[in-house]
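According to Swiss-Prot, the protein carries these features:
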{"type": "REGION", "residues": "1-24", "note": "region 'Disordered'"}
{"type": "COMPBIAS", "residues": "9-24", "note": "compositional bias 'Polar residues'"}
{"type": "DOMAIN", "residues": "68-363", "note": "domain 'Protein kinase'"}
{"type": "BINDING", "residues": "Leu74, Gly75, Ala76, Gly77, Asn78, Gly79, Gly80, Val81, Val82, Lys97", "note": "ATP binding site"}
{"type": "ACT_SITE", "residues": "Asp190", "note": "active site, proton acceptor"}
{"type": "MOD_RES", "residues": "Ser218", "note": "phosphoserine"}
{"type": "MOD_RES", "residues": "Ser222", "note": "phosphoserine"}
{"type": "REGION", "residues": "284-305", "note": "region 'Disordered'"}
Amino acid sequence: MPKKKPTPIQLNPNPEGTAVNGTPTAETNLEALQKKLEELELDEQQRKRLEAFLTQKQKVGELKDDDFEKVSELGAGNGGVVFKVSHKPTSLIMARKLIHLEIKPAIRNQIIRELQVLHECNSPYIVGFYGAFYSDGEISICMEHMDGGSLDQVLKKAGKIPEKILGKVSIAVIKGLTYLREKHKIMHRDVKPSNILVNSRGEIKLCDFGVSGQLIDSMANSFVGTRSYMSPERLQGTHYSVQSDIWSMGLSLVEMAIGRYPIPPPDAKELELIFGCSVERDPASSELAPRPRPPGRPISSYGPDSRPPMAIFELLDYIVNEPPPKLPSGVFGAEFQDFVNKCLVKNPAERADLKQLMVHSFIKQSELEEVDFAGWLCSTMGLKQPSTPTHAAGV
């Protein structure tokens with residue numbers, strides 16, 4: 001069915017003319033924003049939601065530490081802690097990420113300045129941004145609160161995420177990455193399940209992408225992790241591009257499909273435990289069993305893997321030097337397997353790009369499928385479903 005021409009987005013200028021986090025809210029700004037939003041080919045529901053978010057945001061004004069009240073902790077990681085907070089002047093619920101950094105004022109100001117680009121990132125596939133400020137040794141990044149949490153939290157509850165649900169996730173991630181690249185010349189740099197957020201309306205959005213080079217540099221030493229979603233070319237320190245984000249998406253999809261970080265790959269015994277039936281190993285991957293490792297390694301995955309876990313340096317060596325992970329045959333559709341294989345090609349020049357992935361048969365099939373993403377998420381996470389969930393035909 002051809003898309004009908006979207007109605008123009010209606011945004012009311014802020015009546016008091018106050019600045020939103022230091023940005024003037026003149027009519028000219030609103031007209032420019034309206035024009036940008038009209039280029040996005042949104043459906044009616046997406047348009048209304050973006051419009052509602054931006055109208056709410058106009059009421060917020062300048063963000064200050066005193067205006068927030070903590071509701072609960074949402075999670076920690078990526079060098080910071082995220083809280084669910086109430087913005088007292090407007091009663092809006094937000095997610096506030098606090099990043100503690102020992103840095104000079106000039107660097108701090110540069111980070112806040114660079115984060116202002118987030119004000120222009122308005123897409124149904126990108127988490128909404130209210131503003132960023134500095135207070136008491138911490139940078140605060142205030143975002144839209146997504147009540148379903150991140151996909152790593154959903155995965156822990158669900159055990160495994162069904163292929164049809166992952167089809168909707170794939171569409172949203174590709175559209176989010178395409179938006180960042182085409183409209184803002186931004187790479188994400190950190191695609192993984194914990195940076196894909198979902199809500200009870202059935203929306204799927206990317207967060208924590210690399211808009212601030214200075215923030216990335218300032219946090220470079222804060223990586224403490226037992227798993228890596230980085231592409232082989234990035235781990236080797238060679239030039240990397242948005243192709244690196246595609247590897248990370250592919251690895252994340254395999255993890256969510258099998259229920260555990262996929263390196264080293266599960267053996268036949270573990271696959272049987274995961275899927276409750278005998279699973280065919282891909283004939284080509286029969287020799288891919290990881291080299292035996294000494295016991296007592298720090299944990300690097302969860303799931304019923306009886307083998308000793310890998311140390312982080314072994315894991316990184318495995319990503320660079322061993323064949324990429326695959327979805328096991330006989331459990332997943334051929335299109336899904338092929339889609340993941342095209343994301344997980346070690347040579348970035350041979351890896352599928354965003355345009356190719358968007359027209360892949362797995363995506364085309366997923367766009368046509370009626371999937372109640374909101375219903376599945378709400379029953380998995382014990383959430384109350386709102387009255388107007390997103391009808392995720394094409395997300």
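Each residue, glycine too, has its Cβ placed from N, Cα and C.
Mapped onto this structure are the features recorded in Swiss-Prot.
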{"residue": "Leu74", "record": "ATP binding site", "CB count, 10 Å": "20"}
{"residue": "Ala76", "record": "ATP binding site", "CB count, 10 Å": "12"}
{"residue": "Gly80", "record": "ATP binding site", "CB count, 10 Å": "21"}
{"residue": "Val82", "record": "ATP binding site", "CB count, 10 Å": "23"}
{"residue": "Asp190", "record": "active site, proton acceptor", "CB count, 10 Å": "18"}
{"residue": "Ser218", "record": "phosphoserine", "CB count, 10 Å": "20"}
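According to its DSSP assignment, Ser218 (phosphoserine) is helical. Cα of Gly80 (ATP binding site) to Cα of Ser218 (phosphoserine): a distance of 12 Å. Per-residue confidence over the domain 'Protein kinase' (68-363) averages 89 (mean pLDDT, predicted model). Separating the Cα atoms of Asp190 (active site, proton acceptor) and Ala76 (ATP binding site) is a whole-number distance of 15 Å.
Cα separation, Ala76 (ATP binding site) to Ser218 (phosphoserine), rounded: 18 Å.
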